[in-house]
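Reading through the structure tokens given below for one structure.
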Amino acid sequence: MACARPLISVYSEKGESSGKNVTLPAVFKAPIRPDIVNFVHTNLRKNNRQPYAVSELAGHQTSAESWGTGRAVARIPRVRGGGTHRSGQGAFGNMCRGGRMFAPTKTWRRWHRRVNTTQKRYAICSALAASALPALVMSKGHRIEEVPELPLVVEDKVEGYKKTKEAVLLLKKLKAWNDIKKVYASQRMRAGKGKMRNRRRIQRRGPCIIYNEDNGIIKAFRNIPGITLLNVSKLNILKLAPGGHVGRFCIWTESAFRKLDELYGTWRKAASLKSNYNLPMHKMLNTDLSRILKSPEIQRALRAPRKKIHRRVLKKNPLKNLRIMLKLNPYAKTMRRNTILRQARNHKIRMDKAAAALEAKSDQKGVQGKKPVVGNKEKKAVGDKKLKKPVVGKKAAGTKKPAAEKKPTEKKPTSEEKKAAA
């Protein structure tokens with residue numbers, strides 16, 4: 001399949017090249033912006049909505065009044081009267097059976113959206129540019145494997161077709177009938193409540209036929225399922241990008257294809273059929289980044305690449321790792337050895353001094369036969385008891401004063417002795 005050529009072949013009604021060529025319009029090289037297409041499609045689709053609302057009286061067509069507090073029931077308004085189950089039931093509230101909904105819908109909602117004209121034209125240009133790329137068209141599910149060329153252009157004789165069988169034969173000759181068979185196979189019943197709202201059956205989209213003049217082409221193609229017919233002067237983004245997704249399979253008539261440059265212009269010339277409109281330009285004129293980066297102008301400003309690879313090595317502490325310290329300071333090994341020898345020499349000197357001092361002390365006391373014990377205290381003799389030191393501020397237990405002698409108490413004379421004495 002040929003695509004994006006500067007010259008596009010025009011095919012006859014027999015499905016063969018007629019020998020005529022058409023220059024590819026500049027609009028097919030416009031930037032493809034799916035975000036703009038989706039935004040415009042979403043807003044324009046809202047303009048087809050029909051206002052709806054619930055009745056203003058719904059849920060309030062009863063007499064109800066709150067019972068107030070003190071009855072151990074909710075303070076919601078309750079239906080008055082008696083003699084029926086309805087009396088005493090809650091009313092009016094959105095939480096009540098038979099009550100109104102929360103925030104009842106109104107017909108004065110902002111249903112429609114205004115979209116900038118230039119933005120709508122940008123979206124159409126993007127949709128047309130995407131329709132010329134086989135990858136995008138096939139990603140939408142269109143069966144174009146056997147189509148000879150994209151964009152597909154046919155002679156203007158097709159605009160004079162009045163019979164559906166002529167249109168079917170043309171699609172079969174152009175190898176586009178596989179896309180119609182896909183539509184037939186996709187016809188099914190809608191899931192959900194749309195079945196009750198005149199949207200019972202659904203199907204996939206087929207080719208979009210774009211013409212310049214209607215000489216009967218609408219009647220010829222309109223009864224084929226999936227077909228959409230558009231006038232080139234009234235292109236619709238809702239038809240060119242159904243669902244807001246670019247990549248619709250389009251079949252053009254020759255006169256409609258030639259008119260695109262007049263409608264949308266080129267980058268050298270403004271559009272003649274639209275006032276003061278210029279074709280949108282790419283933000284990046286050359287998308288070949290490797291070619292741009294390797295160009296001599298950019299390479300001249302860049303520094304030479306660093307080809308040496310510096311791998312990150314685990315950093316070790318030289319104060320704990322002798323091997324790393326020796327790499328930094330080879331004299332560290334000699335220093336460490338000298339330190340060890342100096343410590344050993346100092347230790348030996350201290351031990352000799354301690355032994356000499358102990359021996360001199362034992363000689364002064366006249367203790368014979370005892371060898372000086374180096375580094376340990378003398379052991380106590382077995383059986384020697386440690387004398388207790390006198391406690392300061394308290395009298396010792398052995399130095400108690402003897403108790404004073406008590407005088408003999410004189411016996412008092414009894415009453416009988418007193419009588420006898422008298």
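Glycine is treated like the rest: Cβ placed from N, Cα and C.
Worth saying up front: this structure is predicted, and the values here are computed from it rather than measured.
Database features (Swiss-Prot):
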MOD_RES   Ala2  N-acetylalanine
MOD_RES   Lys14  N6-acetyllysine
MOD_RES   Arg97  omega-N-methylarginine
MOD_RES   Lys106  N6-acetyllysine
CROSSLNK  Lys239  SUMO2 cross-link
MOD_RES   Lys259  N6-acetyllysine
MOD_RES   Thr266  phosphothreonine
MOD_RES   Ser295  phosphoserine
MOD_RES   Arg300  citrulline
CROSSLNK  Lys327  SUMO2 cross-link
MOD_RES   Lys333  N6-acetyllysine
MOD_RES   Lys353  N6-acetyllysine
REGION    359-422  region 'Disordered'
MOD_RES   Lys361  N6-acetyllysine
CROSSLNK  Lys361  SUMO1 cross-link
MOD_RES   Ser362  phosphoserine
COMPBIAS  376-385  compositional bias 'Basic and acidic residues'
COMPBIAS  402-422  compositional bias 'Basic and acidic residues'
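Shown here: features listed in Swiss-Prot, placed on the structure.
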residue: Arg97; record: omega-N-methylarginine; Cβ contacts under 8 Å, 6 or more apart: Gln89, Gly90
residue: Lys106; record: N6-acetyllysine; Cβ contacts under 8 Å, 6 or more apart: Ala53
residue: Lys239; record: SUMO2 cross-link; Cβ contacts under 8 Å, 6 or more apart: Cys208, Thr228, Leu230, Arg248
residue: Lys259; record: N6-acetyllysine; Cβ contacts under 8 Å, 6 or more apart: Asn212, Val232, Ser233
residue: Arg300; record: citrulline; Cβ contacts under 8 Å, 6 or more apart: none
residue: Lys327; record: SUMO2 cross-link; Cβ contacts under 8 Å, 6 or more apart: Pro318
residue: Lys333; record: N6-acetyllysine; Cβ contacts under 8 Å, 6 or more apart: Leu322, Leu326
residue: Lys353; record: N6-acetyllysine; Cβ contacts under 8 Å, 6 or more apart: none
Structural state of Ser295 (phosphoserine), classified by DSSP into three states: coil
Cβ neighbour count within 10 Å of Ser295 (phosphoserine): 12
Spatially speaking, which of the modified residues Lys14, Thr266, Lys361, Ser362 is closest to Ser295 (phosphoserine)? Use C-alpha to C-alpha, please. Thr266
CB contacts for Lys361 (N6-acetyllysine) [other CB atoms within 10 A, all chains]: 11
Helix, strand or coil at Lys14 (N6-acetyllysine) [DSSP, three-state]: coil
At the level of the C-alpha atoms, what whole-angstrom distance separates Lys361 (N6-acetyllysine) and Thr266 (phosphothreonine)? 119
Would you kindly give the Cα-Cα distance separating Thr266 (phosphothreonine) and Ser362 (phosphoserine), rounded to the nearest Å? 121
Could you give the Cα-Cα distance between Lys14 (N6-acetyllysine) and Thr266 (phosphothreonine), in whole Å? 32
When a 10 Å sphere is centred on the Cβ of Thr266 (phosphothreonine), how many other Cβ atoms does it contain? 15
